[in-house]
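Copied over from TrEMBL:
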type	residues	note
BINDING	LEU17, GLU22	substrate binding site
BINDING	ARG107, LEU108, GLY109, ARG110, GLY111, LYS112, GLY113, TYR114, TYR115	ATP binding site
Amino acid sequence: VICHPKYQESKRIAIFLSMPDEVQTEEIIKDIFKQGKECFIPRYKPQSNHMDMLKLSSAEDISSLALTSWNILQPSDDDSTREEALAGGGLDLIFMPGLGFDKKGNRLGRGKGYYDTYLERCMKHPSGKPYTIALAFREQICESVPVTENDVPIDEILYEDC
């Protein structure tokens, strides 16, 4: 990941804080800060499909985040001090999680549409749609995954031996 040309040229990067069954992102997050890039993480709004990408100040900042009912660390709802990526310069790159992927760039998420809705918002931002890379395990690559007209295809899927 850290040798990827899109990662190397990106300055503003959004990345998920991985759950135990996902590709682990901790080392990537550390590298984002080591390289002097800006790091944004998701804050999901329950009972909706709204998500914001909020700026982390450091890799250690993760330990100050609240644990949600989904067991996900994220900035609390009343945290208004963090920059939201689309309120500023937008994003260059988004690393995305998922349950399954196909080689056409389709992604099966967890069913709420958070990332698809966020990408729609990105397309309206002056900086445009960021490049999207899904981080997957080889076992998550399928012949096809179900999609709807609201699903936004991924630009690239990285997995072991791809």
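Start at 1 and count along the chain as shown; that gives each residue its number.
Heads up, the Cβ atoms here are built off N, Cα and C, so glycines get one too.
Automatic prediction, not curation, is the source of TrEMBL annotations.
There are 18 other CB atoms within 10 A of the CB of GLY113 (ATP binding site), with all protein chains counted. All protein chains included, ARG107 (ATP binding site) registers 24 other Cβ atoms within 10 Å of its own Cβ. In this structure the C-alpha atoms belonging to GLY111 (ATP binding site) and GLU22 (substrate binding site) are separated by 16 Å. Highlighted in sequence order, GLY98, ASP116 have their Cβ within 8 Å of the centre of the Cβ atoms of ARG107, LEU108, GLY109, ARG110, GLY111, LYS112, GLY113, TYR114, TYR115, the residues recorded for ATP, and are not part of that set. Here the C-alpha separation of GLY109 (ATP binding site) and LEU17 (substrate binding site) works out to 15 Å.
Here the CA atom of LEU17 (substrate binding site) lies 17 Å from the CA atom of GLY113 (ATP binding site). Put simply, GLU22 (substrate binding site) is 14 Å from ARG107 (ATP binding site) when counted between their Cα atoms. A straight line from the CA of TYR115 (ATP binding site) to the CA of LEU17 (substrate binding site) spans 14 Å. Summary: among the binding-site residues (GLY109, GLY111), the fewest other C-beta atoms within 10 A of the C-beta are counted at GLY111. Most Cβ neighbours within 10 Å among the binding-site residues LEU17, GLU22, TYR115: this distinction goes to TYR115.
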